[in-house]
Structures are given as C-alpha cells and as structure tokens.
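**Q** Feature annotation from TrEMBL assigns active site to Lys278, Arg352. Per TrEMBL, Mn(2+) 2 binding site is recorded for Lys266, Asp271, Asp289, Glu350. TrEMBL lists Asp271, Asp348, Glu350 with the feature Mn(2+) 1 binding site. Per TrEMBL, the feature domain 'Cytosol aminopeptidase' maps to 346-353.
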Amino acid sequence: MDFSIKAFDTKNTITSAKTGCVAVAVFENKKMSQAAKALDQGGEITAALKSGDITGKPGSTLMLRGVSGAAAARVLLVGMGNDQTVSEKSFTSAVTATLKTFASIGATDAIIALPMTDVKDRDVSWAVRCVVIAANEGEFRTDAQKSKKDPAPTGVRKITLATDANAQVKATLAQSIAIANGMNLTKELGNLSPNVCTPTYLANTARKLAAEFKFGVEVLERKQLEALKMGSFLSVTNGSEQPPKFIVLKHMGGKAKDAPVVLVGKGITFDTGGISIKAGPGMDEMKYDMCGAGSVLGTFRAIGEMGLKLNVIGIVAACENMPSGRATKPGDIVTSMNGLTIEVLNTDAEGRLILCDALTYAERFNPAVVVDIATLTGACIVALGHHNSGLFTRSDDKHEALAAELLAAGKQSSDTAWRLPIEEIYNEQLKSNFADLANIGTPGGASVTAACFLENFTRKYTWAHLDIAGTAWKTGAAKGATGRPVPLLATFLINRT
Ligand code: BES
Ligand code: MN
Ligand code: ZN
C-alpha cells in the first residue's frame, strides 16, 4: 500500500478531490463528521442515515455512488459509534471496516477522511499508525511456502490520509511504514517452517539486513562460542545437527560516545523440549520459539528504514533444542560464560540457558540499557493471556524508569505489556544442591522464576525482560506470527532519540 498525507481546507476542498473513494464517518445518533457534512450538499448522506441503511455502529459501512457534492466516484460511510467520544475501539473497527471495503472495490486510490484528531486520549500520530499497521495486516500473506500463491491484494493501492500534514505527522507516517515493514519480517521469519528457518537462516537474514542498511554484523560460530566459554548456550545445542549461530548487529546512528541500547533475542528455531521432551499436540508451534530473535531482526529493519539516530546493538542467540544421544540430560551441570554453574533440571527450560550467556556477552557494549525478548514461559500465557507481553525489571529508580518507558511505548503503539515482579525472594526457588543455580524453580510463578534466573546475569547494567510467549503468535484457525513486540520496541527506541 502506498500512503500519503494531505490537508483539505477551504481552498483545497474534500468535495473537489478526484479519487476512487472517500471514506467519512457517521455516528449512531445519525450525526455525521465534518468531511461528511461537506460532501452532503445534495442530501444523499442525510437520506442514507434517515433510511436506516447505515446505523453508525462502529465498523458498519455503506457505499454510495454518485454523491452530488463529491468529485469522488464513491463515498464510503463508515460507522464510528458515539459522536461525543470517538473511542480507540470505535476508530479501530471503523478503520478495519474501511480497509476491508477498499480491498474489494473497483478503485485503486482512495482518501480516508475519518476524524483522525478526535480519538479519545489519542493523538493524530496514533491514528496514522493505526491505519498503516491495519492496512499492512490486511495485505500480509502466508504463502511463502505454498506452491500456488494466494491472489495478490486487489482494490485500493493508494491511500491519502486527510489530516494536517505537519512535520510530526509526516514523520509518524514514515515511522509507521518502517514499523509495518519490520513487523512483516518478524512475521515471515516466525511463520517459516523450522526446517527452513534454522539458526543459519537467521544469520543469513541478519547479514542481508546488514548489507541493505549498512549495519555492522558479526556471526559467531561454535568454535568462537567455545572460546568465549558460553557453556550454557552450547549445552542447548548438543542434541542438534544444526550449527548454533550467535548474531550481533550494530546500528551506530547516534553519537559515537553514546552508550547503546542492546536488544537480545531468544532464537530457538525449534523447541522440542530436548530430553525433557514436550507433548506431541501443537508441538509444531515451537517453530515460533525464535520470535524474540525475529523481533530483534524486525526492529532492526524498522530502525534501518527510519535511519534512527540512536546506537542500537542487536544480539540473537540461535540454535535448536533437540533430543539425541548427545543431548544435555536432566541433572547435567554446565558452566555459563559469567562463571555461574547451572544444574539443568529440565532441558525444556532452554531459553534462559541461551539468554544468560547472551546477556553476559552484552556487558562488553557498556549498554545504556539491555532489553531481552523471549518466548520464555508457557506460564506467561496463563498469567496474562494473549493481550499483554510480560515485562520484568528490578525495582530501583533506574529500573522503574525503564519499565515506565517500555510500558508507555507499548500503550503508544497499541502493543502493550504488563509488569510482573522480580524479587530476590524468588531466587530461593532456583537453589540447587549441586550447582550455583537450577534452571527451573520449585512449582509456582514459572514466568517470575525464569525472569529471576536471567536477573542473575544482568547485574552490571540496567535491564528489562519481555516474555512474549502469549503475544508473538496466534494459534488456531488464524495461526500465524503477530509481529509483536516490534511496535513496542521501535517506539521505545524512537522515543529515546
Ligand atoms: N518455549 C517454551 C515456552 C513456551 C511454551 C512458549 C508454550 C509459548 C508456548 C520454553 O522453552 C519452555 O518450554 N518453557 C517451559 C519452562 C518450564 C520447563 C519451567 C514451560 O513454559 O513449560
Ligand atoms: Mn522449552
Ligand atoms: Zn523454548
């Protein structure tokens, strides 16, 4: 989809706009938006409302042709609910309905003249982002591995957003498009089958991104990981035929002396559970266990496209978690890069085993902050369902500030997180009789003990952990990666510039 912004005013009127379709809002009390009023010179919209052909309920639509007050071929009336307060939900359903209609009409260009500035508690930037992300969602295809491709998108290909085209709004449009493209990469990687999307594939994707956007890139191989003494990460790869890859991307868009933000992604390209093997049903979905890594790569695509003026390092620890005669066994004790020994009581708690070494590696960048992103625990879905990612930080002032920043970025981008605790007391649950730490806690609070396990490896910097087990993909008929939390991460980074 091609987007632009245009302000319509008394000289440059919406009535004289030559386009395939103009979408305007009508409300449940039969009132209409300013743009609709302007187009209603011949009374067609009033008549439509009177007749009850459109109710004004959020997401209802009625297409009119030959509206006498409009130079446009069509006028799409879109229900927007209550005219006093346009809620975020009403606006979103109106946008979804508009785009759905646009996709099935015989026009290639259209204007969205919905009340973008009137959404309660939201600004026009939010509304612009809402349209761009929704349009992108509608066009996304999952046919990469189908022999017969799905039909290409039809209908409207060019959307003009009718709103004040100030610099801020224009910047938001560019950022929204970059975020949408970043989300697409994250989704594509997540959806690819695990025999294709291997650690090597992720490394090659990072290399391609680096070439396209002039990022620095480094891919550490097994030998180098051994030299770094990443005994914990490597223990997860023991059962796999696929070589592990430790990927580092560098975008130095800020001042040379500025400390970077470091993003660390869990890149388990398939999680069988290892010797502590998972149950069969639904195991295919463990191809999504690299979505943390995918979100780091997607966020890098977004910041590359934006040319973000900030120093950002991306780290992806990628491997498979497989059972075999050489696989790590429950009870094995491994030594992590920072020297702590870990008793692997459950080989299915592998995410923390790869992340702890990646988090130790992050120290070398003297980071401003480190954020790790991981499909870490099924328990996070139990706690928060599929709406919020789990956010964990320590509770001193610096970390409270970081948590607030991330929560705000989530709200701003409609990619929300909810905070869960990290407290010293939970470390009791991770005690081992034979090693410094066990890799699972005693029963209860599995997402919290997982976060607390990671906390042990992050004491040299300010750090946050995002558990995206419930938000990275959808199951069931709509199975597919969501592209989350790229909007949250990208917005967080934009807000730091
Ligand atoms: N990748 C899984 C977590 C997961 C499971 C995410 C289901 C989304 C859906 C992770 O590696 C894992 O297996 N975690 C275990 C931890 C347990 C052994 C303490 C879990 O959540 O069951
Ligand atoms: Mn696992
Ligand atoms: Zn996993």
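Backbone N, Cα and C define each Cβ position, glycine as well.
Are these features on the surface or tucked inside, and what are their neighbours?
**A** DSSP gives Lys278 (active site) a coil state; it is part of no helix or strand.
In the three-state DSSP scheme, Arg352 (active site) is classed as helix.
Under DSSP, Lys266 (Mn(2+) 2 binding site) is assigned to a strand (E or B) in the three-state scheme.
Long-range Cβ contacts of Glu350 (Mn(2+) 2 binding site) within its own chain (separation 6+, distance under 8 Å): Val236, Ile268, Asp271, Gly274, Asn321.
Taken together, the residues of the domain 'Cytosol aminopeptidase' (346-353) have an average pLDDT of 99.
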**Q** Show which residues of the chain containing Arg352 (active site), separated from it by at least 6 in sequence, have their CB under 8 Å from its CB.
**A** Leu376, Asn439, Ala450, Phe453, Leu454
**Q** Do you know offhand how many angstrom separate Lys278 (active site) and Asp348 (Mn(2+) 1 binding site) by C-alpha?
**A** 8
**Q** From Lys266, Lys278, Arg352, which recorded positions have a C-beta atom under 6 Å away from some atom of ligand 1?
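**A** From Lys266, Lys278, Arg352, counting a Cβ under 6 Å from ligand 1 as near, there are none.
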**Q** Other than Asp271, Asp348, Glu350 themselves, what residues in this chain have Cβ atoms within 8 Å of the centroid of the Mn(2+) 1 site's Cβ atoms?
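**A** Apart from the listed residues, the neighbours are Val236, Ile268, Thr272, Gly273, Gly274, Ser276, Lys278, Met286, Asp289, Asn321, Thr347, Ala349, Gly351.
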**Q** For Asp271, Asp289, Asp348, listed as binding-site residues, tell me which one has the smallest number of other Cβ atoms within 10 Å.
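**A** Among the binding-site residues Asp271, Asp289, Asp348, the sparsest Cβ neighbourhood within 10 Å belongs to Asp348.
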**Q** To the nearest Å, how far is the Cα of Asp348 (Mn(2+) 1 binding site) from the Cα of Asp289 (Mn(2+) 2 binding site)?
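**A** Spelling it out, the Cα of Asp348 (Mn(2+) 1 binding site) and the Cα of Asp289 (Mn(2+) 2 binding site) are 12 Å apart.
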**Q** Which recorded positions of Lys266, Asp271, Lys278, Asp289, Asp348 contact ligand 3 in the sense of C-beta under 6 Å?
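**A** Passing the 6 Å Cβ check against ligand 3: Asp271, Asp289.
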